[in-house]
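Annotated features, as they stand in Swiss-Prot:
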SIGNAL    1-20  signal peptide
DOMAIN    197-395  domain 'Peptidase M12B'
DISULFID  Cys308-Cys390  disulfide bond
BINDING   His333, His337, His343  Zn(2+) binding site
ACT_SITE  Glu334  active site
DISULFID  Cys352-Cys374  disulfide bond
DISULFID  Cys354-Cys357  disulfide bond
DOMAIN    403-483  domain 'Disintegrin'
DISULFID  Cys417-Cys432  disulfide bond
DISULFID  Cys419-Cys427  disulfide bond
DISULFID  Cys426-Cys449  disulfide bond
DISULFID  Cys440-Cys446  disulfide bond
DISULFID  Cys445-Cys470  disulfide bond
DISULFID  Cys458-Cys477  disulfide bond
Amino acid sequence: MIQVLLVTVCLAVFPYQGSSIILESGNVNDYEVVYPRKVTALPKRAVQQKYEDAMQYEFKVNGEPVVLHLEKNKGLFSEDYSETHYSPDGREITTYPSVEDHCYYHGRIHNDADSTASISACDGLKGYFKLQGETYLIEPLKLPDSEAHAVYKYENIEKEDEAPKMCGVTQNWESDESIKKASQLYLTPEQQRFPQRYVKLAIVVDYGMYTKYNRDSDKITVRVHEMVNHITEMYRPLNIDITLSLLDVWSEKDLITVQSDSDVTLEVFGDWRESVLLKRRSHDCAHLLTDTKLNDNTIGVAYKKGMCDPKLSVGLVQDYSKNVFMVAVTMTHEIGHNLGMEHDEDKNGKKCKCDTCIMSPVISDKQSKLFSDCSKNDYQTFLTNYKPQCILNAPLRTDTVSTPVSGNELLEEGEDCYCHIPPNPCCDPATCKLTPGSQCAEGLCCDQCRFKKKGTICRFARGDYPDDRCTGLSDDCPRWNDL
């Protein structure tokens, strides 16, 4: 039996709202100041790590209490993750840092089935969470001897300039090799559930970005780790594991000519990846982060359908914002092109316009960080038609299976249900198993430990989409197009 120790670290919420503030992530209008209260669940006599495997935080948003459940993102790094920089004479200096006890988490809000969270706990809480359909960001205020944090909505980040931020290259790439085409255009419910896929990602940082952060390798590393943690969370609904395989920082000079012509830079970077980077370390996709201002208000470019190709499985992303979440959304978008996704636009008879979705051609003030149904269909079609082989196999990870920890609010190996604090009457807190006679413990289609009847509305209609309804066989509330 696993016993749980509750540790209360800090108490209270400071009920203060401000109109404007300058944060590490940029200028923000309309924010809340909170003091999160931390409650940690640990097995008795557990070996203490610097960063726990699972944590809970309580604070208020808009006057309402929320409970944020976090679990360490153990798939963030590959087991052989490496970092490379360069000596003044051009020699590669590669290290293999220990990253198992890292400080990057994913999670959700208690009692909000559609919530998500991606948080760095390295120095306070920094990241984002989705609550009741709204995306909020949180970060420490960096006040002396204070645990104060700012919470604010995505749309309240002040623009650093007024020019629209756009994706540049979305050119189709067709292989010269024979490609097996799908015999059916209709995607079956089984296809819609998305098979598990794995992308080993390489991030390259150019010299301009390195100097932008005062040649501080630690600052660059933290920024990239935060970015990839966000990206991995955004790809979870598609059943894609993004694992950071390597970080290559051009610390002495650029190893290619990085210019504002994004098409040219992307092509040259693809050549360098094929001839140099792939020979050094195996990976599936490489993206170059640059401080160079790209032409035509472009902030990112990538080859569509290029995933797994030695030259074309690449992208180029401008580090255009102090806010790492905004740059992470852009890289998520460009990886989407590598995976066959088109822009969310109305064209060729397809009604796909979605200004707030990840694959919108122009970044929105109200970014939702969701993939549209059109993007999901594009991705599934890419898998069916192109059958990319490199993303089939799971990479070695720093920690693939954790010891079950009761009370961490995320389902782990051997558990049937989430062990709540306080306990859920449908779930045995000692074993994380359903109590006798219970079919479920929670979920939009669970009521008093039993599945709701087939046809019960579990999510009301939004826009052009109809109501989502329970199946009577599960506690999940399936999207209408998964039925």
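Placed from the backbone N, Cα and C atoms, the Cβ positions cover glycine too.
Remember, it's a predicted structure, so these values are computed and weren't measured experimentally.
Within its own chain, Cys390 (disulfide bond) has Lys200, Asp284, Met307, Cys308, Ser313 as residues 6 or more apart in sequence whose C-beta sits under 8 angstroms from its own. Closest to Cys427 (disulfide bond) by Cα-Cα distance, out of the recorded positions His333, Glu334, His337, His343, is His333. Comparing Cys470 (disulfide bond) with His343 (Zn(2+) binding site), their Cα atoms are 31 Å apart once rounded. Taking the domain 'Peptidase M12B' (197-395) as a whole, pLDDT averages 94 in the prediction. Considering only the disulfide-bonded residues Cys352, Cys357, Cys374, Cys417, Cys446, the residue whose Cα is spatially closest to the Cα of Glu334 (active site) is Cys357. Under the DSSP three-state reduction, His337 (Zn(2+) binding site) is assigned to helix. DSSP assigns Cys357 (disulfide bond) to coil in the three-state reduction, placing it in neither a helix nor a strand.
Burial estimate for the disulfide-bonded residues (Cys352, Cys354, Cys426, Cys440, Cys445): highest at Cys445, by number of other CB atoms within 10 Å.
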